Amino acid sequence: MMGKEEEIARIARRLDKMVTKKSAEGAMDLLRELKAMPITLHLLQSTRVGMSVNALRKQSSDEEVIALAKSLIKSWKKLLDASDAKARERGRGMPLPTSSRDASEAPDPSRKRPELPRAPSTPRITTFPPVPVTCDAVRNKCREMLTAALQTDHDHVAIGADCERLSAQIEECIFRDVGNTDMKYKNRVRSRISNLKDAKNPDLRRNVLCGAITPQQIAVMTSEEMASDELKEIRKAMTKEAIREHQMARTGGTQTDLFTCGKCRKKNCTYTQVQTRSSDEPMTTFVVCNECGNRWKFC
């Protein structure tokens with residue numbers, strides 16, 4: 001007999017196939033099966049079924065499928081919210097028992113002294129606490145905005161990620177790297193938020209949510225490193241084009257009055273012809289207006 005986790009994973013795989021084939025036939029039956037199952041946060045995180053349901057919701061044009069998928073995601077979000085609330089309570093409550101325990105053991109100073117070095121021991125320095133706490137208003141506001149960015153498009157529900165904990169860790173890394181909350185810190189936070197919310201670059205957000213990109217990494221990544229693959233290719237092509245045009249401008253070219261500049265309407269131009277395609281195709285002509293600097297090309 002198939003276990004609950006295996007059954008949910010099987011449904012997730014079938015939903016993924018429907019998304020790949022762009023066919024939602026039978027989706028309602030699978031979604032109803034999921035609705036009837038008592039799904040825990042552990043099952044949500046281990047099977048990643050939320051990602052499959054969310055992908056189906058985005059692709060489907062069937063209103064009934066969309067509505068049921070949204071209902072499931074909403075109910076699973078409550079599991080995450082409950083988990084977040086418990087984590088916050090633990091974060092608030094953990095220091096109190098420690099201090100009260102220290103107080104109860106205070107009568108013997110010789111016992112209290114050796115315990116002090118253990119609190120900031122090496123593991124606490126090299127690893128982050130579950131939820132780094134700060135009382136700074138600016139830092140807390142930045143954490144809220146990072147949380148909102150991570151929650152874009154409900155990917156956190158599908159992945160089963162704790163956005164508040166993640167945002168706190170990311171902000172902590174940024175603060176440690178910059179050292180204060182001045183303009184450099186704010187610009188760093190702002191650029192993370194912008195890239196995490198970018199609808200054209202969902203992979204960055206998903207990689208952060210699932211841990212493929214750690215808080216330490218996202219905290220120091222450049223705009224180029226955070227960019228989508230598509231934008232990276234565009235930037236690469238633009239750089240190549242700029243280098244080529246610069247090299248052509250330095251070669252001088254041939255001065256002519258055969259071309260009319262579309263910008264200043266003068267005929268004082270310099271042109272260069274280059275074989276940019278295969279040898280049996282026409283050469284590309286690059287033209288520079290010597291009057292206003294306007295550039296254009298044609299084959």
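Every residue gets a Cβ built from N, Cα and C, even glycine.
Checked against Swiss-Prot, the residues LYS58, LYS112, LYS197 yield a single entry marked ubiquitin cross-link: LYS58. In the three-state DSSP scheme, SER60 (phosphoserine) falls into the coil class. DSSP states for the domain 'TFIIS central' (138-254), grouped as helix (H, G, I), strand (E, B) and coil, give 94 helix, 1 strand, 22 coil.
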